[in-house]
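Undergrad: Quick one: the structure is below, questions incoming.
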Amino acid sequence: MVSIRPDEISSILKQQIANYDKSVSVSNVGTVLQIGDGIARIYGLEKVMAGELVEFEDGTEGIALNLEDDNVGAVLMGEALGVQEGSTVKSTGKIASVPVGQAMLGRVVNPLGQPVDGNGDIATSDSRLIESLAPGIIKRKSVHEPMQTGITSIDAMIPIGRGQRELIIGDRQTGKTAIAIDTIINQKGQDVVCVYVAVGQKSASVAQVVEVLREKGALEYTIVVNASASEAAALQYLAPYTGAAIAEHFMYQGKATLVIYDDLTKQAQAYRQMSLLLRRPPGREAYPGDVFYCHSRLLERAAKLSESMGSGSMTALPIIETQAGDVSAYIPTNVISITDGQIFLSADLFNSGLRPAINVGISVSRVGGAAQTKAIKKIAGTLKLELAQFDELAAFSQFASDLDEATQKQLGRGKRLRELLKQAQFAPLNLAEQVAVVYAGVKGLIDEVPVEQVTQFAGELREYLKTSKPDYIKQVLTEKKLNEEIESVLKESINEVKSSMLAA
């Protein structure tokens, strides 16, 4: 028989009593009343905040959006196959946040900041709220530095500045994403952090974009946020805010950043889906009344900060897809009114072989010359006007049989300018190359070159300058302006290439 020692038992009991922690953990808990279509109706959760994260018992997270008298409407961020009627839900007391920092560069993440590229965890301790206030007027400075896209027609006629919001709008398959990707590739060596947000895209398309960025060496300064078409509507709605939060972190550190939202039409559709399922009253085109605010609070976060705030910037290039070129629909007009200009891509121009298919007539940059380098500003002043006049003349000349010499000359120059502005995809040009090409067209130096040979001429001119006149390229890239010496070198080079082409 085991002998029991009362003193040992009493000492154990005393020790346990001494170590007893009588703290009570209080958590705000509710019960799922109804679940379906990515929406949960929850009873309880009395102290929950609007926009607060809630956690279901299977670990799925949701966001409380509708706070009603007798229930809370929450959207689920994920499949939530384990959530059912009667499941418990607890409020977390937190608003959605996302990891940020240097370690994010080169990674592909979902809208919650979790890596989806199979390259392991992201080692960063910093985080930032997905929704945050845009900088106020005092914290901002007017846009004055160029954000070179590497696309001649944009940099010459519709210049974009650091801190600007420039909308890229057009029908499907007109090259909207191509312009955005070219702009990212052109930031190589410029110390600009790029964020590409893909909303509602096919996963294969996003994988293709990531591969192009990797090939061109652009992924090392780019972060990709992907909410593909198969993801929950809540994640598609959140993705642009996540992209903005990641870029803001770098902006407040004094860096220049570029964010591409591809595209906000899909985000608006996801928000409409969520709102209708939450039984919010529909408005025009069945969108909820606050869909304008959904986009304005996102795009207002783009800014050029003042010196006292570190002089960082966030440039936003939102993309909107139109139906049959209708820019007067609800979402396109909303975003046009929020942004500082738009680049309109036309399906007709695209199909006629003009790439990038920019309709110069209705494309505009409301920042304009303030964000242009002196070199391109000096020569591109008349370019937009000449092309707009050419479009009118071309339409008119279809009905005229005999045209006077001046009109024929103007039509000829317009055709050559059109050809000069054609550019291959993923092949952005530097400032010196753009200046050379535009100068040749605007000054009428290639009026004798046959129209079908203009593209070949532009390629040969760029090659000639790189090999024979490296000092010209270096000088334009450093000084960013044209002087008489540079102009004479340029004229000489253009005439040299032209004469060798015409002689062949």
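From the backbone N, Cα and C atoms, a Cβ is placed for every residue, glycine too.
OK, Swiss-Prot features for this one:
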BINDING   Gly170, Asp171, Arg172, Gln173, Thr174, Gly175, Lys176, Thr177  ATP binding site
SITE      Ser363  site 'Required for activity'
Undergrad: Check each residue in the chain of Arg172 (ATP binding site) that is at least six apart in sequence and keep those whose C-beta is under 8 Å from its C-beta; list them in sequence order.
TA: Glu321
Undergrad: Between Asp171 (ATP binding site) and Ser363 (site 'Required for activity'), how many Å separate their Cα atoms?
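TA: Given the Cα positions, Asp171 (ATP binding site) is 15 Å from Ser363 (site 'Required for activity').
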Undergrad: For the ATP site (Gly170, Asp171, Arg172, Gln173, Thr174, Gly175, Lys176, Thr177), what does the 8 A shell look like? I mean other same-chain residues with CB within 8 A of the CB centroid.
TA: Glu321, Leu345, Ala347, Phe350
Undergrad: Looking only at C-alpha atoms, tell me how far Gly175 (ATP binding site) is from Ser363 (site 'Required for activity'), rounded to the nearest Å.
TA: 15
Undergrad: Based on Cβ atoms within 10 Å, give me the single least packed residue among the binding-site residues Gly170, Gly175.
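TA: Comparing Cβ neighbours within 10 Å for the binding-site residues Gly170, Gly175, Gly175 has the fewest.
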Undergrad: In the structure shown, with every protein chain counted, which of the recorded positions Gln173, Thr174, Thr177, Ser363 has the densest set of Cβ atoms within 10 angstroms of its Cβ?
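TA: Counting Cβ neighbours within 10 Å, the top one is Thr174.
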Undergrad: Just jot down the residues in the same chain as Lys176 (ATP binding site), at least 6 apart in sequence, with C-beta under 8 A of its C-beta; none if empty.
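TA: Lys176 (ATP binding site) has long-range Cβ partners Ile168, Ile169, Gly170, Asp262, Asp263, Ile319, Glu321, Leu345.
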Undergrad: Should Gly175 (ATP binding site) be counted as helix, strand, or coil on the basis of DSSP?
TA: coil
Undergrad: About how far apart, in whole Å, are the alpha carbons (Cα) of Thr174 (ATP binding site) and Ser363 (site 'Required for activity')?
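TA: Answer for this pair: 15 Å between alpha carbons.
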